[in-house]
Amino acid sequence: MENGSEGVRGSGTGNDRNGSVDPKIDPFVPRREHNPRELRSWAKRTGFVSDYSGEVGSSASVKFESLGRRGEGSSPKIEIDPIMGRTRPNRGNEIQPDSLDGDRKVGLRGSGIGMVNRDNNAHGISAVAPVPEEKKEENVAQGDVKVNVYPEAEQPPTIAVADGDGGWQGPSELKCGLKENPGFVLLIYYGLQHYLSLAGSLVLIPLVMVPAMGGTDKDTATVISTMLFLSGITTILHSYFGTRLPLVQGSSFVYLAPALVIMNAQEYRNLTEHKFRHIMRELQGAIIVGSIFQCFLGFSGLMSIVLRIINPIVVAPTVAAVGLAFFSYGFPQAGTCLEISVPQIALVLIFTLYLRGISVFGRHIFRIYAVPLSLTIIWIYASFLTAGGAYNYKGCNNPDIPSSNILTDACRKHAYTMKHCRTDVSSALSTAAWIRIPYPVQWGIPIFHFRTSIIMVIVSLVASVDSVGTYHTASLQVNSRPPTRGVVSRGIALEGFCSILAGLWGSGSGSTTLTENMHTIDSTKVASRRAVELGAVFLILFSFIGKVGALLASIPLALAASVLCFMWALTAALGFSTLQYAQSASFRNITIVGVSLFLGMSVPAYFQQYKPETNLILPSYLVPYAAASSGPFHSGIKQLDFAINALLSLNMVVTLLVALILDNTVPGSQQERGVYVWSRAEDVAVDPSLSSEYSLPKKVAWCCCWLKCLGV
């Protein structure tokens, strides 16, 4: 061994082309722009099996196929495929190369085979940086072939262990794997734990949207209950018919910004009678049209083509822009009550960062329940402040004053503070029914307009890009190989169908895979599909209890804004985390991400500087979303003007367009770009474990067989 390389020595006798006694294997000579397919061909000819993955930073992506399937081993021992990380039953530890005759075999003694990851790699599989060009040289001696698999001073790539049935056992860090069933009691606990950690993403969007739409506290409670119901239904559908990964579907922040743009259209600003219902019906129609486009994108197979241009360099700034777009709403709203917002932000950071390693009864409760636990504590603290008279002003002690039409000059300046800080302002608990089942078109028949439909069509494409990155990361977290392009298309198509349901029921937002779900799986260490499904059932049951939605709707607005400051920051951070699959230190990638993100924030600011012409004074955090009606683009067609001005005032849309153009036109290798490598259809056909992870259940597969012709 020299230069940190391991030798692969041919055994047996035979005549090579030079007439020597020992067989000589032609060495693999790397090129600067090598083709992985040619590498597979060389490996099949020589019988060499490498344990090195060429995918940069991708722990479960595989460039090579399982080799030598035609050889029949003589040993009954089950060995581990060093490439797939799965078992190779009924095969020995020898492979018959094509270049040898008779029973001559080449023994493999590759380094690191069968080793189990013991470091902090959460995926339990190899994540190897690209080998520098000068360290890929091969040293060829008489009868020896030495291949430098990884550079000096670098640990060998780790390989996850497979179980005896050819399935994926999962990393030791996971408490519950994808297909594991720990028992009914633990499934209930894991399911509720999964959704409690996502509480901020599931229920806080209506607290921003409904008041801006002119809705009452009762309307807020009804929308929250509808979101809980739809999240449960769509999660179950995605678990059975989508990618089948343990992903939670719900109302995404991707749809919040365009909803704010639509509801601040000029014709809605001075509308007073039935304003909430009219805007909600407008949103319903736009979401349905955009969802139909997303559904067509998936079921037609066009998503497989779109996947060729969606890479981590595109996903990272786009998802980050979704979270950063709401900085004008976050702390300005939370700052109205510094006495509760600052402790809320500080407490959730203390739980997630400083106390994350503390275990209570064997559970990391501070890391898993950071948001609901901190929210509950500060909510109780705010209740004591309200009861103690912290928000009582002389002559303005009535909690109904913020909603009263008669305000004295002395009370008017305190009304805004009381509305955002007091815990007894909301009337949701007193007006909501105990039992209420959400039903379709509960707000009325949807309204369809060209301008809003175009906006949601583009937004649905952004949501698809967001979900593509989540699919890839989630597959690594559950220690599975990435899904095929067809499975990804199927997942996007089902998300479109679920968003159609959201449009019919009237949640005000489309349904998509929650990006925060990646953080939840990593924190809870629970990747069980059944746990997510059972938790979704409880979510549906809670949606039928009207008081549950009313209780969540009574959260003080400043407290909700404080939690959203953390949630939006987490969304941005999760977006940047996808850069780990590319060469994040590359100047090319740094430039593309920086330019796309900066222009994604700066170009909308140019469109948002055009103030709306109205006598109604809008809150400062809503002014940027009113640019669609008075933007600089004027073509003479009002519908088109509104759509263009609205789209170019959305940070995530501009960021996506710039990143797509730059990443797909600037030269760069696949390793540098971190191109997502999806499993192929033939991998599913030959690997029963991969088939069971992503294939549809047998009970429903027969009715979806027509999708095979579309590659879905």
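Backbone N, Cα and C define each Cβ position, glycine as well.
For 1-43 (among others), the entry in TrEMBL reads region 'Disordered'.
Feature annotation from TrEMBL assigns compositional bias 'Basic and acidic residues' to 23-41.
Summarising the annotation, TrEMBL assigns region 'Disordered' to 66-104 (among others).
Here TrEMBL flags 184-209 (among others) as transmembrane segment.
As annotated by TrEMBL, transmembrane segment applies to 221-241 (among others). Beyond the ends of the transmembrane segment (221-241), by six or more residues, the same chain brings 202-203, 205-206, 209-210, 215, 247-251, 428, 431-432, 436-438, 442, 490-491, 494-495, 497-498, 501-502, 505-509, 511, 513, 529, 532-533, 536-540, 542-544, 546, 548-550, 552-553, 696-697, 700, 704 to within a C-beta distance below 8 angstroms of the stretch.
Residues or ranges marked as transmembrane segment in TrEMBL: 247-265 (among others).
What TrEMBL records for 286-307 (among others) is transmembrane segment.
Residues annotated as transmembrane segment in TrEMBL: 313-332 (among others). For the transmembrane segment (313-332), the list of distant contacts is 208, 253-254, 256-257, 341, 462, 465-466, 468-469, 515, 561, 564-565, 567-579, 582, 589, 592-593, 596-597, 600-601, 620-621, 624, 650-652, 654-656, 659-660, 663, 673-674: same-chain residues at least six beyond its ends, Cβ to Cβ under 8 Å.
The annotation transmembrane segment is assigned in TrEMBL to 344-362 (among others). Counting residues 6+ beyond its ends, the transmembrane segment (344-362) has Cβ neighbours under 8 Å at 334, 369-371, 373-375, 377-378, 559, 562-563, 565-566 in the same chain.
For 368-391 (among others), the entry in TrEMBL reads transmembrane segment.
Here TrEMBL flags 531-552 (among others) as transmembrane segment.
Residues or ranges marked as transmembrane segment by TrEMBL: 558-577 (among others).
According to TrEMBL, the transmembrane segment annotation covers 589-607 (among others). Through the fold, the transmembrane segment (589-607) approaches residues 313, 316-317, 320-321, 324, 579, 582-583, 624, 627, 631-632, 645, 648-652, 654-656, 658-659, 662-663, 666, 668, 672-674 of its own chain, all at least 6 residues removed from its boundaries and within a Cβ separation under 8 Å.
What TrEMBL records for 642-662 (among others) is transmembrane segment.
Long-range contacts of the transmembrane segment (642-662) within the same chain: residues 254, 257-258, 261-262, 265, 309, 313-314, 317-318, 320-322, 324-325, 450-452, 454-455, 458-459, 461-462, 465, 592-593, 595-597, 599-601, 603-604, 607-608, 624-625, 627-633, 635, each at least 6 residues beyond the stretch ends and with a Cβ under 8 Å from a Cβ of the stretch. Long-range contacts of the transmembrane segment (531-552) within the same chain: residues 176, 187-188, 190-192, 194-195, 203, 217-218, 221-226, 228-229, 231-233, 235-236, 239, 246-248, 428-429, 431-438, each at least 6 residues beyond the stretch ends and with a Cβ under 8 Å from a Cβ of the stretch.
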